[in-house]
């Protein structure tokens, strides 16, 4: 089992020692009927054979009482088991999501589509198998021990022979286990490969059709499915070997006992009642318990061990950091020779770009839709890694800054605002958990969220999944207020006000401009450039930096954008609403414009 997954599992379980102690206690009570069944059956038969009816009747009544006590114990166990199982599931989901998101942030690779299989299938497997372990395996183990203890009290010789055969069966199963584990992991990896190939095929179906590559894509997915089926069959064949183990440990002791019964009875080693009680222990207690134990261990047990191992391989490593732990002491931004492309043979979206943003200043980035503005935002925040060049924050390369400090003091607000389930307050203070009531009130007023908060019923009103009660513009205001409250000293608004009207947008930008720190706005409307100290115009292979007046005089493209805006007096230039008119035909290898977001 992978060390990370095992460590997480054990740490969550250890935190619930008292619950496990109660489970142990009630398990002993639950298996009491198995432990006393053979003894009571032997007593009842021997007394009936000697025509001593009252003691025999009492023995049978005691067996009934023991069964009732066991039923009560079983009922008490279910809430205790849930108190252990559900926290384990929650811990694995949290660790998996954190690992996938951490990998996505630290790497420029495409998202890991196989993580869907791990989240929806493997985590659920861990939950189900842990439930099986606590409910079934626990019951089986305690029942087996109770049967052997009862058999030892009733017929020590029979217990000795049966115990030896059970140990031989378990040794045989241990010998088979490594092969079963390897085959089970192979099946799990094959399932992930199917999810990866199918996810890639579905996400690229338009490209496959455009390139007449449908059959190649189908064949690629087909190969993954065939390999998964082949490995599943190999696992099924290997698993069938457990029938031999069940025979040795569960059925062979019964055959040995029945074969030796005439001799045992003749020499007085056991009475007829004791023989019947011993057979009851073996057939009702030991054999079914061993069969179920091996069945669970060969299926669910292996699933859990392999799933925990596989999940642990995807968790974020604690303390992992791509930087050297530097803490920035200034928040000016300098870009030197920045070049970036989305593939090794792709035309660069950003090429040999260099400019500086002094601390405390306000920069607007403008340009045609798809020119690479959002890509540049990803480079400035370290979410994308440049092919060449450097991004310096306070004179330090982004790659050398402690990632926690970088994320604490740099914030990027994308066009798609994220609002999570919880209260409005929880959404607002996510990046500033110690924010005071006065600070929250100032943030609401600054970005224009106060009316929304009042409509919802205050900042402690609950917000549904994805902010269902809010419009797109209101969700953007929540994101703006959240970052306004944060300690971030460098804020980048990547069309973060696109769903607001021009007046609300101006108010939000003005609030961030007054706020301590550096502001970079990727403009959704050209009016954002009017309010900035400097404007960076991206125009294909060139970039121009200057004030609004300087660019209006020097750049025909910028002058054209400004003239359109002034002529329309703030009315939409395109059906999508006041967006900068597209004027670049520069394409990436996928056929889309240089930026991933066609609206930028």
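From the backbone N, Cα and C atoms, a Cβ is placed for every residue, glycine too.
For 575-591, the entry in TrEMBL reads compositional bias 'Polar residues'.
Feature annotation from TrEMBL assigns domain 'ABC transmembrane type-1' to 21-288.
Taken from TrEMBL, the feature domain 'ABC transporter' applies to 333-564.
Positions annotated as region 'Disordered' by TrEMBL: 571-600.
Taking Cβ pairs closer than 8 Å, the transmembrane segment (20-41) reaches residues 13, 59-60, 62-63, 66-67, 69-70, 72-74, 76-77, 80-81, 84, 134, 138-139, 142-143, 145-147, 149-151, 153-154, 273, 276-278, 280-281, 284-285 in its own chain, all 6 or more past its ends. Per TrEMBL, transmembrane segment is recorded for 20-41 (among others).
What TrEMBL lists as transmembrane segment is 53-73 (among others). Sequence-distant contacts of the transmembrane segment (53-73) (same chain, six or more residues past either end, CB-CB distance under 8 Å): 26-27, 29-33, 36-37, 40-41, 43-45, 47.
The list of residues near the transmembrane segment (136-154) in space but at least 6 beyond its ends in sequence, with Cβ under 8 angstroms from a Cβ of it, reads 23, 27-28, 30-32, 34-39, 42, 162-163, 166, 274, 277-278, 281-282, 285-286, 289-290, 292-293, 296-297, 301. What TrEMBL lists as transmembrane segment is 136-154 (among others).
Feature annotation from TrEMBL assigns transmembrane segment to 160-177 (among others). Away from its own ends, the transmembrane segment (160-177) comes close to residues 144, 148, 151, 238, 241-242, 244-246, 248-250, 252-253, 256-257, 282, 286, 290, 294, 297-298, 302 of its chain (Cβ-Cβ under 8 Å, at least six residues beyond either end).
For 239-261 (among others), the entry in TrEMBL reads transmembrane segment.
With a cut-off of 8 Å between Cβ atoms, the residues of this chain six or more beyond the transmembrane segment (239-261) that come close are 158, 161-162, 165-166, 168-170, 172-173, 176, 180, 275, 278-279, 282-283, 286-288, 290-291, 294-295, 298-299.
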